[in-house]
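What Swiss-Prot lists as NAD(+) binding site is 9-31. Positions annotated as substrate binding site by Swiss-Prot, on the basis of similarity to another entry: Ser139. Under the heading active site, proton acceptor, Swiss-Prot lists Tyr152, citing sequence analysis as support.
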Amino acid sequence: MNLTDKTVLITGGASGIGYAAVQAFLGQQANVVVADIDEAQGEAMVRKENNDRLHFVQTDITDEAACQHAVESAVHTFGGLDVLINNAGIEIVAPIHEMELSDWNKVLQVNLTGMFLMSKHALKHMLAAGKGNIINTCSVGGLVAWPDIPAYNASKGGVLQLTKSMAVDYAKHQIRVNCVCPGIIDTPLNEKSFLENNEGTLEEIKKEKAKVNPLLRLGKPEEIANVMLFLASDLSSYMTGSAITADGGYTAQ
């Protein structure tokens, strides 16, 4: 896949899809920098992986200075930045008439503004290099509306359009920008949400959730990481502004 010695910066890389991406890119001999708000989890990940190609920087992506520092840390540690994966995201379950403004703002700040801030500072280095690759984690919620998470859906719709806008604006600089739209993935974040917002055991809830798509199962984090590998590699060299759906057939129904 020609990813050896490429430097990849992944936000939200300490767990779930992000951590699967970390492992996938390390497996391709890439250098990986993880920017995550959870310092304890990030440091535990570094100890577990025990790989000189992995670096962690504690980052709140709603803070522009922190985003700039994360990008500069990647450049300083490994000598450049080839791929940015904007993966960090949150979800708050609440219908519009019950949602607090602070919760609405929090979801948009993390899921959309954080992506803008990370991209802004990564693009400066990519423009100087004359090439680059940005991969955004969107969601099926950016294509169709999941019930009871309007702020999340709105933020992911914004991610889809931000992806296309950046793709159009930076194609002439040989910077590709694409996104992946996962369906329901078996992650710690989703497990927490399942238990907080549904009746029954975790196993029972997962079985019910799996029924919504034709493959009749939840997705695995590594299955989304594999899409990211493809988008980061030369195998997708003619793709920019694209949204790859990996949802077990949910949106095909």
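All positions are counted from 1 along the displayed chain.
Cβ coordinates are placed from backbone N, Cα and C, and glycine is handled just like the others.
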Inter-residue C-alpha distance, Gly27 (NAD(+) binding site) and Ser139 (substrate binding site) (nearest angstrom): 25
Sparsest Cβ surroundings (other CB atoms within 10 Å) among the binding-site residues Gly18, Gly27: Gly27
Among Ala21, Ala24, Ala30, which are binding-site residues, the residue with the most C-beta atoms within 10 angstroms of its C-beta: Ala21
Among Ser15, Ser139, which are binding-site residues, the residue with the most C-beta atoms within 10 angstroms of its C-beta: Ser139
C-beta crowding around Leu9 (NAD(+) binding site), within 10 angstroms: 29
Listed in sequence order, residues with CB under 8 A of Tyr152 (active site, proton acceptor) and six or more positions away: Ile90, Glu91, Ile92, Val107, Asn111, Ser139, Gly141, Trp146
Secondary structure of Leu9 (NAD(+) binding site) (DSSP, helix/strand/coil): strand
Nonlocal neighbours by CB distance (under 8 Å) for Gly12 (NAD(+) binding site), same chain, sequence gap 6 or more: Gly18, Ala35, Asp36, Asn87, Ala88, Gly89, Thr137
